[in-house]
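S.K.: Pasting the relevant annotations from TrEMBL:
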type	residues	note
SITE	C:T291	site 'Important for channel permeability'
TRANSMEM	C:34-55	transmembrane segment
TRANSMEM	C:76-93	transmembrane segment
TRANSMEM	C:99-120	transmembrane segment
TRANSMEM	C:127-146	transmembrane segment
TRANSMEM	C:181-202	transmembrane segment
TRANSMEM	C:207-225	transmembrane segment
TRANSMEM	C:231-252	transmembrane segment
TRANSMEM	C:259-276	transmembrane segment
TRANSMEM	C:282-302	transmembrane segment
Amino acid sequence: MLGNSLFYKHTFAFISVSLKGISQVILIENVVSGAIILLAISITSVPLGVIALLSSMIGTLIGRLGGADEAMLKQGLLGYNSVLTGLALFLFLTGSTHWIFSLVGAAIAAILTASFMHFMKNSGIPILTLPFIILTWFTLLVSYRFTAFHLSDSLVPQSLMQWELDITGEVDFTQGVFNGIGQVFFLDYTISGILLFIAVFWAEWRLGLAAFIGNAVALLTSLALGGEYSLIFLGLYGYNAILTNIAVSVVFNSKRHPFSFITGGIAACMTVPLAASINTWLLPYGLPALTMPFVLSTWVFLSARKILPRV
Amino acid sequence: MLGNSLFYKHTFAFISVSLKGISQVILIENVVSGAIILLAISITSVPLGVIALLSSMIGTLIGRLGGADEAMLKQGLLGYNSVLTGLALFLFLTGSTHWIFSLVGAAIAAILTASFMHFMKNSGIPILTLPFIILTWFTLLVSYRFTAFHLSDSLVPQSLMQWELDITGEVDFTQGVFNGIGQVFFLDYTISGILLFIAVFWAEWRLGLAAFIGNAVALLTSLALGGEYSLIFLGLYGYNAILTNIAVSVVFNSKRHPFSFITGGIAACMTVPLAASINTWLLPYGLPALTMPFVLSTWVFLSARKILPRV
Amino acid sequence: MLGNSLFYKHTFAFISVSLKGISQVILIENVVSGAIILLAISITSVPLGVIALLSSMIGTLIGRLGGADEAMLKQGLLGYNSVLTGLALFLFLTGSTHWIFSLVGAAIAAILTASFMHFMKNSGIPILTLPFIILTWFTLLVSYRFTAFHLSDSLVPQSLMQWELDITGEVDFTQGVFNGIGQVFFLDYTISGILLFIAVFWAEWRLGLAAFIGNAVALLTSLALGGEYSLIFLGLYGYNAILTNIAVSVVFNSKRHPFSFITGGIAACMTVPLAASINTWLLPYGLPALTMPFVLSTWVFLSARKILPRV
């Protein structure tokens, strides 16, 4: 009986940490938020929800087996890159075996997370989602060389020489508001977006507000600069701004200077041209920008703050 | 009255620092040299001169508002990347609003400068002009995705598969001697080049000599290796060598081993194949190499010196 | 007489260190192994053997002249990147003067080795063969801009848009077993491969076993994933796995956890998709992956071990 209750306790603790791993994707450490996010993913696609939970578990497990620091593990920090990698590989690879690559990818993401943590330790700057980005880019390109990998038709290499910009498309602000946050988890379903906002507000109202403002800033910036409507209202300029504003204005902003909230907005704004630029760099390879704009913009502002403390 | 004189004092100090920001582009901290350089830019194009001065002011202002270290600010170290970014975006973007992007770019360059300073602090290696290079490359590629950005016709993506090398062109050594230093500021006007040499010699004869030798080394190397005459005599293989020789032989050479001057020459020499290589890497994106050859060559030799002290 | 014997002693010491430089290519510090490797290269091509020895000498000489730490020099650590660079430039450049570029490259490789050592010092992670890789990639691309450089016909830029995967080819397991190790030195001659295995086993049986297992893991992985037979049996998926398994399981594995040998195998396994991916990244430039998969996989696992000590 005692053994049984211990088993339940451990299982419960493990699931808690795995849900935190899911919430850490949006820089939140909160079991309930993690559960709401898992629901948001699952109502878009149940298999995707399963992959998200399993990926987080795998990441955490690798961390535990590898002997990671307990405090770090409990925060879900070994899980979020695995979650994103699992989701991305499940969606961007096809064929009957893509779920295997997806879960193996989740395992490698945990190793890569540890690796990047070591390399960036001295800088005092968080690794964010870089392990997921690098791993996903590299894995997707593998498909050109091995028959076992099947790339989704949505990823097509293009030449910059033949590129023509056509920004026309449908205007839909409801979509624009809720798809931005949805795209953090590759979702473009309005109800999922609403659930994700609830998950963020549940954790802390400041985070929810930062998410909302980040998205609004991105919508306005991308419209003002004349971006493609099809991308803007799918939320593809929004998700990086949301993450960046949460990171720069709230999560990694211990001093809370009054000016630092403006900095967060500027950093969110910067993800828009960054996304455009990264998409251009990746055009010949047909790769998606993923959360690279968020990582770069957040790194720039967090590190600049070490030299310019009032930023 | 007192307030008035204080105002003049502050304005004068601010302009001094901004001129130092301009001179720091060629690794010099000297108000007069900065003023001569500003003149050299302005006689080529008055708007370009205005952009240079405003950009340096903006960079310095961001540094001050952000709370940068006073000593660093006074040396003009928050200005030079802004100057180069302002000039580059003004020249490589077109359309009626390019000056806005140019000045916004100058502001972001200061943030990026602070960011890179933090990341490279532990290495003991200077960031040089990397913030300008990265920011300009990223910004120019944004133009493929937003209608508000208009790229200059001079920047055309090309495929390496269709690339044909044709080195023929006019031989003009006068141009070759004075355009090299002019190209540091994107100028190809002989009198501007002469003024720039004067600015460097004014600061220190050693710097002037290093600039001259760096350019000569680059001319000889690029001719010996069989480079394109059109690039060589426009000074496009020279400006990186000038900056590199100044950096490796004089500015960052505190010990002044007799052999270290030869190292400077070798480092200058290395910028020539580096420029060729970087141009090839960037061909599919139609981007210019900017001062990347200078940054890479200088980094290699300054860091090698830490392990090989006699280099 | 005394002077004469001193001369012989110094010459002997210099040649010993140069042979160690050759053996360090496969992470071994052993004069005899170096000599056997030199033999393996020379029976494939005598000029290639001469280049290998001269390159190692040049690297060591630059290290000595530059004032490198004596202990580091004696281990041959200033030589191995020069050896690889010399070989690669000799093979991938053509024309009557390619041996000059090859030896100049060997000299620059030593400078680059010192540079990278400085930048990575604080990370506690070895630089491996990164200087060779970066230098070779940059040098090969120079050929598109200077008539003095002639690129081998085997290196052709291709567009990912036109890429068609065709994995058919001849199956030859004998080749597969011995070419893997041969490709570390760009060799595909079976007897050279056998000699290289002897060189590794001579140094330590554990290293030989790790080499054999690394290669076997790569063969199985690349066949299971459906790779191109023409590459697999030429050993082009094997050499990185061999180096990685030697590095992760033996050389940089001071604690020798039982699980760490499995980690070595997984790291070796990872070089296979990494090679595929890097080849895809480089396709538009027509560059070979060289030992980049080894460097990346080894870095990931060695650095992950600092956070996950049981890996």
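Residue 1 is the first one shown; counting continues down the chain.
Just so it is clear, glycine is given a Cβ too, placed from its N, Cα and C backbone atoms.
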S.K.: By Cβ distance under 8 Å, which residues at least 6 away from the ends of the transmembrane segment (C:99-120) in the same chain are close to it?
M.R.: 47, 51, 54-56, 58-60, 62-63, 66, 68, 77-79, 81-90, 93, 126-127, 130-132, 134-136, 139, 149
S.K.: Of the listed stretches C:181-202, C:207-225, C:231-252, C:259-276, which one has the most C-beta pairs under 8 A with the transmembrane segment (C:282-302)?
M.R.: C:231-252
S.K.: Counting across all protein chains present, how many other Cβ atoms fall within 10 Å of the Cβ of C:T291 (site 'Important for channel permeability')?
M.R.: 26
S.K.: Where, among C:127-146, C:181-202, C:259-276, do we find the most CB pairs under 8 A to the transmembrane segment (C:76-93)?
M.R.: C:127-146
S.K.: Which of C:127-146, C:231-252, C:259-276 has the most Cβ pairs closer than 8 Å to the transmembrane segment (C:181-202)?
M.R.: C:231-252
S.K.: Quickly jot the same-chain residues contacting the transmembrane segment (C:259-276) by Cβ under 8 Å, restricted to those at least six beyond its ends, or write none.
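M.R.: For the transmembrane segment (C:259-276), the list is 210, 213-214, 217-218, 221-222, 225, 227, 236-237, 240-242, 244-245, 247-250, 253, 289, 292-294, 296-298, 300-301, 305, 310-311.
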S.K.: Could you pull out which residues elsewhere in the chain have a CB under 8 Å from any CB of the transmembrane segment (C:207-225), counting only those six or more residues past its ends?
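M.R.: Cβ under 8 Å, 6 or more out: 26-28, 173, 176-177, 180-181, 197, 200-201, 231-232, 235, 237-238, 240-246, 249-251, 264-265, 268-269, 271-273, 276.
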S.K.: List, by number or range, the same-chain residues at least 6 past the transmembrane segment (C:127-146) whose CB is under 8 A from its CB atoms?
M.R.: 25, 80-81, 84-85, 88-89, 92-93, 101, 105, 108-109, 112-113, 115-117, 120, 155, 247, 282, 285, 287, 290-292, 294-295, 298-299
